[in-house]
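Trainee: What TrEMBL records for this protein is below:
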type	residues	note
DOMAIN	4-152	domain 'N-acetyltransferase'
BINDING	Val83, Gly84, Val85, Arg91, Arg92, Gly93, Val94, Leu95, Arg96, Thr119, Glu120	acetyl-CoA binding site
ACT_SITE	Tyr124	active site, proton donor
ACT_SITE	Phe403	active site, proton acceptor
Amino acid sequence: MGDIEIRRVPDADLRAAATLFRGAVHYAPPTEQEWEWVADSYEPGRTWGAYADGRLVGTTMAWSSDLVVPGGRVCPMAAVTRVGVSSDFRRRGVLRRLMTAQLRECAERGELFAGLRATEPGIYGRFGYGVASRFVKYAFDARQTSLRPEVPSGGEVRMLDISVPEAVPAVVSAIYERVGRGRVGTMARPPQWWRLNYDRPFRAGEFLRVAVHRGPDGDDGFVAYRTTAGSPGEGARVSVEDVVSASQEVANALWRYVLGIDLVAELVLWARPVDEPVPAMLVDPRGITATEIRTDLWVRLVDVPAALAARTYGPGSVVVEVDDPVLPANSGRYRVGADGAVRTEEPAEIAVDLEVLSMLYLGGWRAGALAGIGRVRERVPGAAARADVVFGTAGEPWSGTFF
């Protein structure tokens, strides 16, 4: 068996890359109809492959995106997806070489971050990816649930006409770009994402519905959901997949709309922020169950000095020592605090692997808690508590975009 070569995947091999990825996650190869959509979803020049004797045995790709960081700045990010290695080439360093090539490309492109959704979480920490945000999934009996009367809501909610499917992505993507980026951790949804998630379902005959909220200044929120009919005499199941709103009041109006749908027995809310006050909105909060809390966006700082300098911090400062064996130029010590972030030769006060720095970056984890389980190494007593204040944010980060 010859050497494994890591290189960009040419257009002629993209279908093989898609088949390889789907096989790695136990899905069948794309059909002819599916391939029309999948082929359109690859960003030119951003797919890497591992070749052994001319055979594609590993792949990863990325979309060009961006990330909202604490303080509100929007920074370039690679949205990494479709990562897979053929089962007969596992444990040979193929994934490490693919990840390294991709991260070097991100650095060359000036992307401060790479982000992904992990199907197998144990893989990505060694490449510097850390769980930067989490989400909660709720389920409740819609027949026994209603919003409290004092919950404010206003405006009008209308259903989009799905008989003109090409109009749906234009409407919802415009709303998202205008009002959907207010929370730390949200990311740009590239054109390929909108086509896959809001054009393909309608053209494929899937029963996706979209309702739009209109306020004094125009469209300012939407909810996308799927319905599953129940048995005769039983209510349907509504699964809410995407909610975007300009404010909590707009979100309230969308929740009120969803809860008012007739003949519904069960309502499922997918992937909501862990600090969203959904249970407190309800007359009877016992009727709602948080069925899962799961990892949301995994983030990897690609350019540590630039990424640290891009966000704002709380009072005080702390000297952080970082180890990044994949991109060694990032390794070193940084003084991080209210005055910014700079490299320093001062002694480290806490020490972290790149994975842990990536976890702390958006404010979703506390250094003190991670020190208690050995993931933050405290070199100076009390430094982890100071890091809590420095890296802390007012709200929980959340992405809410699956890719």
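Quick reminder: no glycine exception, Cβ is built from N, Cα and C everywhere.
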Trainee: What Cα-Cα separation, expressed in whole Å, is found between Phe403 (active site, proton acceptor) and Val83 (acetyl-CoA binding site)?
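Mentor: One finds 12 Å between the Cα atoms of these residues.
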Trainee: Under DSSP, the domain 'N-acetyltransferase' (4-152) has how many residues in helix, strand and coil?
Mentor: 51 helix, 52 strand, 46 coil
Trainee: Which of Val83, Val85, Val94 (the binding-site residues) has the most other Cβ atoms within 10 Å?
Mentor: Val83
Trainee: Cα of the residue listed as 'active site, proton donor' to Cα of Arg96 (acetyl-CoA binding site): how many Å, rounded?
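Mentor: Cα of the residue listed as 'active site, proton donor' to Cα of Arg96 (acetyl-CoA binding site) measures 10 Å after rounding.
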Trainee: Are there any residues at least 6 positions away along the chain from Arg96 (acetyl-CoA binding site) with a Cβ closer than 8 Å to its Cβ? List them or say none.
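Mentor: Same-chain residues close to Arg96 (acetyl-CoA binding site) (Cβ under 8 Å, separated by 6 or more) are Arg126, Phe127.
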